[in-house]
Amino acid sequence: MQVPRLKLLMGSGAMFVFAIIYGWVIFPKILKFMISKQVTLKPGTDVRELWSNTPFPLHFYIYVFNVTNPDEVSEGAKPRLQEVGPFVFDEWKDKYDLEDDVVEDTVSFNMRNTFIFNPKETLPLTGEEEIILPHPIMQPGGISVQREKAAMMELVSKGLSIVFPDAKAFLKAKFMDLFFRGINVDCSSEEFSAKALCTVFYTGEVKQAKQVNQTHFLFSFMGQANHSDAGRFTVCRGVKNNKKLGKVVKFADETEQDIWPDGECNTFMGTDSTVFAPGLKKEDGLWAFTPDLCRSLGAYYQHKSSYHGMPSMRYTLDMGDIRADEKLHCFCEDPEDLDTCPPKGTMNLAACVGGPLMASMPHFYLADPKLIADVDGLNPNEKDHAVYIDFELMSGTPFQAAKRLQFNLDMEPVEGIEPMKNLPKLIMPMFWVEEGVHLNKTYTNLVKYTLFLGLKINSVLRWSLITFSLVGLMFSAYLFYHKSDSLDITSILKENNKVDDVTSTKEPLPPTNPKQSTTVHPVQVPNTLIPGTNPATNPATHLKMEHRERY
């Protein structure tokens with residue numbers, strides 16, 4: 001029976017081509033198509049439900065820089081800072097008043113963040129610790145008036161002395177009062193200067209202040225924003241074009257901002273940071289619009305990583321160097337004058353929040369070294385202060401992330417306000433926050449068993465097919481190689497069979513008498529084609545064998 005060499009060759013070749021095309025072309029396209037149909041913000045989908053009401057809290061950490069030498073700093077000395085924290089909160093995110101536009105393939109919603117103190121995770125801290133910070137109303141207010149409304153300085157200075165009697169440049173208060181419960185602002189005075197100062201509270205210009213009665217307000221960094229509207233977004237649903245999933249097209253019902261000098265900086269780029277499109281390329285980066293900064297920030301690919309045994313991509317970001325990057329000059333006060341640009345690694349938030357605040361990475365990580373040298377107590381490092389995201393590109397899933405941001409006061413002396421006239425000019429760290437998420441196995445298993453299991457099966461299948469096809473190709477090549485020698489091999493086999501037949505037909509020799517001497521003569525065998533079997537040339541055939549009887 002002959003082996004079908006041609007069929008084996010063709011079958012193995014076809015298997016090899018199929019493994020390549022299916023494993024690297026067809027299957028990935030099928031998988032991407034299935035993901036694109038599932039990962040949308042269409043009502044009724046699992047992704048829509050998870051996106052609109054996150055079923056687990058994010059971890060929110062607050063670290064405060066306690067000023068240990070406030071009196072010396074008030075006289076121009078170098079600040080000494082002590083980091084206190086973390087104060088831990090559970091941050092719940094939800095979206096309400098959702099409105100779909102099927103024609104535009106968008107959904108509009110209001111974002112709401114709710115912070116709940118986690119005393120167990122905060123231990124040994126309690127939140128009742130007293131912290132010394134730059135006065136959160138006097139210093140920003142005095143600096144803003146000096147820069148923008150210097151003619152009103154005398155009126156403001158008198159009003160501050162009435163609303164905050166005996167106030168100093170630095171305020172000592174409990175952490176929870178500073179950040180959530182609020183510090184008291186007394187606007188009960190009938191003095192004209194006090195009433196003029198309190199106007200900004202009554203009109204709502206001070207967004208961090210909450211009115212508790214007709215004459216009193218409570219000011220806190222985050223209390224007013226807790227469980228309140230964080231802005232109305234309009235984003236793409238990704239039904240018609242999956243690549244636009246989550247893309248911000250409007251914020252506060254505007255298609256672009258009107259904050260920065262140049263239009264490019266006012267453009268919305270990326271998502272609302274709670275959802276990303278699947279199938280991104282690593283060089284695309286991860287872009288998100290951040291209302292707190294009135295700016296879109298992009299994270300860039302750093303290196304490969306893994307999370308719970310699943311491969312992912314590590315992304316990171318920083319504030320960049322606005323002065324050195326021409327594309328970022330629109331974040332300068334005057335894009336034509338680079339001297340108005342903030343230092344490397346910082347961003348001026350005055351146009352965004354209306355006060356002399358600067359944003360940076362914690363501890364001025366990746367910022368101008370001079371900023372670190374201006375104060376004592378900072379120790380920037382990548383592990384604790386870098387922003388990172390471990391992201392799975394195909395499904396668009398962030399496995400874990402840490403968004404870190406530091407808020408600083410752009411401090412300077414104010415001649416018209418007595419407690420502030422000798423302050424040093426520097427960028428003063430106040431506090432920094434970290435918003436983190438680490439998906440547990442309940443959610444990572446959804447990706448693991450729907451995506452990575454399919455990828456693993458495809459990998460095993462395609463490499464198995466390639467292995468079998470290569471074995472088949474090698475075996476068929478072996479058969480074709482020996483095809484030219486088949487005649488010689490057949491002849492040899494036939495002659496071997498002839499020799500066996502001749503040997504089997506010989507008559508047996510008569511038994512020898514042990515008492516007689518016997519001479520054995522060789523039998524003449526016809527010459528064969530097998531070399532070495534010709535008796536005429538074999539010396540063994542001339543040997544004479546004798547048996548003698550022993551007595």
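Glycine is treated like the rest: Cβ placed from N, Cα and C.
What you are looking at is a predicted structure, and each value in this text was computed from that prediction instead of being measured.
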The disulfide recorded in Swiss-Prot for Cys332 goes to which of Cys330, Cys341?
-> Cys341
Based on what Swiss-Prot records, which one of Cys187, Cys198, Cys330 is disulphide-bonded to Cys265?
-> Cys330
Separation of alpha carbons, Cys330 (disulfide bond) and Cys341 (disulfide bond) (Å) = 9
Comparing the Cα of Cys332 (disulfide bond) with the Cα atoms of the recorded positions Asn213, Asn226, Cys265, Cys294, the shortest distance belongs to Cys265
Which of Asn66, Asn213, Asn226, all glycosylation sites, has a Cβ with the fewest other Cβ atoms inside 10 Å = Asn213
Starting from the Cβ of Cys265 (disulfide bond), draw a 10 Å sphere and report how many other Cβ atoms land inside it.
-> 21
In Å, rounded, how far does the Cα of Asn440 (N-linked glycosylation site) sit from the Cα of Asn213 (N-linked glycosylation site)?
-> 45
Between Asn66 (N-linked glycosylation site) and Cys294 (disulfide bond), how far is it from one CA atom to the other, in Å?
-> 28
